[in-house]
């Protein structure tokens with residue numbers, strides 16, 4: 001029995017470690033942001049409305065650009081047995097949000113496992129171990145791997161591509177990236193282009209064979225996404241073509257904010273890589289094989305830097321390769337740790353890893369407080385149940401609240417009803433028949449502020465212990481209709497006003 005346990009841990013120990021951390025993030029921070037809203041609502045609708053497409057959320061709130069249902073459909077199918085069981089047990093919908101996010105994380109981490117195994121075969125078990133240590137000590141990859149973003153769905157395929165690349169199944173690697181580009185994220189084109197060019201220049205692949213292989217993958221992926229999405233969107237549609245036109249040709253993505261050219265290198269990568277940031281540079285210097293794998297990914301980040309609108313999640317596909325390069329360096333430093341100069345590098349590396357853990361703790365605490373409306377709706381369900389003055393409880397969710405933690409998985413069944421109707425002025429609310437409001441404003445005529453929920457504001461650095469603290473401020477306010485005296489006379493926590 002002990003031998004079986006040892007064999008199991010040898011095979012799956014690293015997966016249990018990474019999976020446990022990702023699951024911890026899911027259970028501690030279950031709510032989702034606006035960037036995830038399309039896929040999370042799509043998963044909800046597939047699971048609950050099934051073939052009744054007229055009830056789907058995207059028909060009422062289509063978003064700026066259409067997105068594919070392919071990823072949401074796959075995750076929903078895999079999660080459906082668990083969701084069915086939870087529905088039979090009459091558990092809250094929120095439990096099903098846990099389920100779909102854990103399934104998505106399982107998909108992503110299984111593809112990361114495939115890549116990790118190829119690292120072990122090519123560079124040894126110690127490099128594999130340091131790859132896992134670095135990944136586990138970082139925050140963003142494991143936090144994001146369960147989040148239903150198009151970038152994460154593409155990330156799963158990119159991990160497969162990396163695995164095939166290291167395995168030297170190069171045409172399979174290119175095909176995976178073609179699928180990721182044409183179905184989930186057109187910007188993966190910026191990764192497949194330098195990778196394909198490198199493979200051609202090093203004569204690792206035949207141009208004509210690569211072309212025919214990629215064209216076959218392209219026709220298959222376009223056919224799949226057009227078939228699925230045209231049915232669900234109720235018009236002929238290839239979503240990523242419209243996304244490409246909107247973001248790259250029209251350059252409309254810059255309307256959501258811009259950063260300078262160097263932002264990925266001076267902010268996003270240092271935050272996401274932490275200790276791996278200086279180590280991957282060392283890895284390039286210590287092992288000449290590493291440069292072959294780093295160059296296409298580095299080119300990907302450089303090319304992406306030309307687009308004004310930047311977010312860390314856009315380049316999350318680069319992190320595993322940077323971690324691999326850092327793991328090569330960490331392995332070399334560890335093996336030479338008893339030599340004088342290397343001993344200094346070894347102690348520095350240990351300090352960097354401890355610093356990574358500290359930064360990850362800060363990032364987690366900030367993220368925990370960054371979904372205030374999810375916590376507000378949970379508190380409302382707990383305190384503001386059935387009243388004497390009405391049979392139904394109608395909650396209006398304003399745009400800010402809908403963007404910062406609330407999805408259809410957060411909703412309860414009858415007597416609760418929800419509205420996300422937009423363009424209602426604050427003065428008009430008193431003429432509407434809402435029981436409760438979740439709103440970013442602390443005062444609304446005709447309603448009493450019942451409680452406020454704080455959210456993350458900023459990081460404060462100070463002299464003393466702890467040196468870093470997180471500042472919070474009221475972000476979401478729960479208001480009750482003053483005409484419903486049963487609500488206003490209850491014991492509520494009260495409202496804090498933004499200073």
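Any Cβ shown, glycine's included, is placed from N, Cα and C.
Look at TrEMBL and you will find 12-31 (among others) tagged as transmembrane segment.
What TrEMBL lists as transmembrane segment is 69-89 (among others).
Per TrEMBL, transmembrane segment is recorded for 95-115 (among others).
Residues 14, 17-18, 21-22, 25, 29, 112, 116-117, 119-120, 271-276, 279, 312, 316, 319-320, 323-324, 326-328, 330-331, 334, 353, 356-357, 359-360, 363-364, 367 of the same chain, all 6+ positions outside the transmembrane segment (127-143), place their C-beta atoms under 8 angstroms from a C-beta of that stretch. Sequence annotations record features per position, and here TrEMBL assigns transmembrane segment to 127-143 (among others).
The transmembrane segment annotation in TrEMBL covers 149-166 (among others).
Residues or ranges marked as transmembrane segment by TrEMBL: 173-195 (among others).
Below 8 angstroms of C-beta separation, residues 68-70, 73, 170-171, 174-175, 178-179, 182-183, 196, 199-200, 236-240 of the same chain, each at least six residues beyond the ends of the transmembrane segment (207-228), sit close to that stretch. What TrEMBL records for 207-228 (among others) is transmembrane segment.
Residues 134, 137-141, 290-291, 294, 301, 304-306, 310-312, 315-316, 318-319, 322-330, 332-333, 349, 352-353, 355-356, 359-360, 363 of the same chain lie 6 or more positions beyond the ends of the transmembrane segment (261-284) yet place their CB under 8 Å from a CB of it. Annotated transmembrane segment per TrEMBL: 261-284 (among others), in sequence order.
Under 8 Å from some Cβ of the transmembrane segment (290-307) lie the Cβ atoms of residues 165-166, 187, 190-191, 193-195, 197-198, 202, 247-248, 251, 253-254, 261-265, 269, 280, 283-284, 314-315, 317-318, 321-322, 324-325, 328, all in the same chain and six or more residues away from its ends. Per TrEMBL, transmembrane segment is recorded for 290-307 (among others).
Within its own chain, the transmembrane segment (314-334) is flanked in space by residues 112, 115, 119, 123-124, 126-131, 133-135, 138, 140-141, 144, 151-152, 154-155, 158-159, 162, 187-188, 191, 264, 268-269, 272-273, 275-277, 279-280, 282-284, 286-287, 290, 293-294, 297, 300-301, 304, 342, 345-346, 349, which lie at least six positions past its ends and keep a Cβ under 8 Å from the stretch. Among the features that TrEMBL reports, transmembrane segment is placed at 314-334 (among others).
Positions annotated as transmembrane segment by TrEMBL: 346-368 (among others).
Sequence-distant contacts of the transmembrane segment (95-115) (same chain, at least 6 residues past either end, Cβ-Cβ under 8 Å): 14-15, 18-19, 22-23, 26-27, 30, 32, 40, 43-44, 47, 74-76, 78-79, 82-83, 86-87, 135, 145-148, 152-153, 155-157, 159-160, 162-163, 166, 320, 407, 409-410.
Non-local neighbours of the transmembrane segment (173-195) in the same chain are 68, 70-71, 150-151, 153-154, 157-158, 160-165, 205, 210, 213-214, 216-218, 220-222, 224-225, 240-241, 243-244, 247-248, 295-297, 299-300, 303-304, 314, 317-318; each lies 6+ residues outside the stretch with a CB under 8 Å from one of its CB atoms.
Within the chain, the transmembrane segment (149-166) has long-range Cβ neighbours (under 8 A, six or more residues past its boundaries) at 35-36, 38-39, 67-68, 71, 104, 107-108, 111-112, 114-115, 117-119, 121-122, 172-174, 176-177, 179-181, 183-185, 188, 191, 195, 293, 313-314, 316-317, 320-321.
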